[in-house]
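Following: one structure in structure tokens, then a few remarks.
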There are 2 protein chains.
Amino acid sequence: MTSSASYNFAAGPGIMPREVLMQAREELLDWQGSGMSVMEMPFTGEAFQAIMGEAQRDLRELLGVPDDYRILFLQGGASAQFALLPMNLLPPGGAADYLDTGHWSRKAIAEASRYVRVNVAASGADHDYRRIPAQASWRLDPQAGYCHITSNETADGLAYHWLPETGRVPLVADMTSDFLSRPIAVERFGVIYAGAQKNIGPAGLTIVIIRDDLIRPARPETPSAFSYRVQAESGGRFNTPLTYAVYIAGLVFRWLLRRGGLAAIAERNRCKSDRLYAAIDGSDLYACHQRVADRSAMNVCFHLADASLTAGFLQQARQQGLLNLQGHPAVGGLRASLYNAMPDAGVDALIAFLRAFAARHA
Amino acid sequence: MTSSASYNFAAGPGIMPREVLMQAREELLDWQGSGMSVMEMPFTGEAFQAIMGEAQRDLRELLGVPDDYRILFLQGGASAQFALLPMNLLPPGGAADYLDTGHWSRKAIAEASRYVRVNVAASGADHDYRRIPAQASWRLDPQAGYCHITSNETADGLAYHWLPETGRVPLVADMTSDFLSRPIAVERFGVIYAGAQKNIGPAGLTIVIIRDDLIRPARPETPSAFSYRVQAESGGRFNTPLTYAVYIAGLVFRWLLRRGGLAAIAERNRCKSDRLYAAIDGSDLYACHQRVADRSAMNVCFHLADASLTAGFLQQARQQGLLNLQGHPAVGGLRASLYNAMPDAGVDALIAFLRAFAARHA
């Protein structure tokens, strides 16, 4: 199997833009005549500060981040943010609304419950996690310090295709798996956070976008390195950032700008996922139970009508270079993640395989 | 300036082994025929689990880590560990001994003081941070839950060349800047931790080596992702690790094994720093005030007898491809970091420059 014939459908870490990897390879030993790999650069030096500054500016341009929001490049991934978010936003005894829409919002709720009184405003469990609960059904807590959503459920294949209305209560979103896949009205959110390993770059890098007025002193027990305020006030110089991951993310931001920005990428993503869902819906061998209006464009979760064929499906797909199509272990079934970097040709190859496999098992 | 003619003396992130960077470049688009870059691999998949397992085994072999110690690959850097260490080891109201030997131990003390009663057992301030206080002068707290040292002071150019005796009290060391530069008697420590960006790999990766009996439930306010116990019990699968940094670190471990392990690398490091210190001590233009017995082999801190020449020195050095020789901002002066990856030729070039610069200013 050669790399040119394979497509990586992993849910993340997952496929990255080939042009980005090629540029990273080109510059790996010596970044632009600096005599250093980016991995070797002192983070306070001119070269790396230029890299980080450009990444910040490009991300701000891509998302249209308003001037009264800060972009923080942090560490630890979204799982760490599940705790660090309430530690930074609310005092002990504070309350927050959480929407339970699947595997990752349940993780966020479990961790946040150690720090705040969590009100689960609505739960997808009522519909077996096949839809995003309509806002009319939400029971919001008027005392909530924030309202937390998971904008895309990686394991369940659901996404918000509308923006909740939370009034004065700041809306907070874990956007790990759909960040940069479509435009966002940043000004509608108080905080947006995302782990990098889907559409941004190497795992570990964690982006937090926060409205200035929400940058408060964290709880006293918060490690200084994880205080939004400490990091914001130091301009990201409090401790050594993930220098190499920031550099790769910067290459991804440039790649997105060259491709026309987030509106253009969203259109491509919609086309890719629409075609795949159509192929799934058009065959009796495959099924996707998620409500059409709530389906994720990033993570297409489906299964075989005859579950006993799953292992054979995965094995034959792998032989054809269609990699990492297994569903999340907590959910099972199949999953094709179609991040920004997945080319149309990858979707074509998967659809052709779905049809050929179905023909063999008709 | 070409990369082959330049040497990077940065204190970290700093120079990495060229062979490691070349292998990383070779494998960047496709790791061993997997069809994926390591950055793109799902972390629970076979390929990455093999990479992480090999890195664990090689590190255990390099250091001779006893069976009753766990190696954790964490995130956040040493600055985060300054808080996470007391959160994981001691209850509120607990006490710990800290040795103040320079800039980085003061940082560790300031952060730990937010969590435990810190007893500064001895301070280098009494000698202007020019020596490591002899153990005979330490005033240890019999109630201490652990005793913390900074085995190498990156900013001050000091290192322990002996092991403290702390009896039943676990010895804990921040080894960020000398980890893997010399053999360690791991069995003499309760916990060893190190940020990666000196001798291990890309910034962010944080290694914790902990004796099994010290793995306890962390304080309730500790984010789960930063609990030693949670991470140890999950085998590093609690959340997505820094996959690419773990891969690079694994390449570095293999590189060290090929070079004969830590005894051989320590001998080379001693030779490199001995020659540089001799050049400094042999000239009236340069001075190193650190006590000879306590000098660091990793970070050679020195200054010009005439401080007004410093800017010119740095500029001319840079023109000759001798990069990042400025001292830590908090200390000033000059600093040449001689990590494992610094070749003899780099030390030769620096010594030749020191002599030529001195001749010009005689």
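Placed from the backbone N, Cα and C atoms, the Cβ positions cover glycine too.
Predicted automatically and left uncurated, TrEMBL annotations should be read as such.
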Among A:THR154, A:THR222, find me the residue TrEMBL lists at the same pyridoxal 5'-phosphate site as A:ALA78, A:SER79, A:TRP104, A:ASP174, A:GLN197, A:ASN239, A:THR240.
A:THR154
Return the count of C-beta atoms lying within 10 angstroms of the C-beta of A:SER79 (pyridoxal 5'-phosphate binding site), excluding that atom itself.
22
For the binding-site residues A:SER79, A:TRP104, A:THR154, A:ASP174, A:ASN239, A:THR240, return the ones with C-beta distance to chain B below 8 angstroms, or 'none'.
A:SER79, A:ASN239, A:THR240
State the Cα to Cα distance, in Å, between A:ASP174 (pyridoxal 5'-phosphate binding site) and A:LYS198 (N6-(pyridoxal phosphate)lysine), rounded to an integer.
13
Can you give me the same-chain residues 6 or more apart in sequence from A:GLN197 (pyridoxal 5'-phosphate binding site) with a CB-CB distance under 8 Å?
A:GLY12, A:PRO13, A:GLY14, A:GLY77, A:ALA203, A:GLY204
Under a criterion of Cβ-Cβ distance under 8 Å and sequence separation of at least 6, what residues of the same chain contact A:TRP104 (pyridoxal 5'-phosphate binding site)?
A:ALA78, A:THR150, A:GLU153, A:THR154, A:ALA155, A:ASP174, A:THR176, A:SER177
Show which residues of the chain containing A:ASN239 (pyridoxal 5'-phosphate binding site), separated from it by at least 6 in sequence, have their CB under 8 Å from its CB.
A:ALA225
I'm trying to understand the geometry here, so how far is the Cα atom of A:LYS198 (N6-(pyridoxal phosphate)lysine) from the Cα atom of A:SER79 (pyridoxal 5'-phosphate binding site), in Å to the nearest whole number?
14
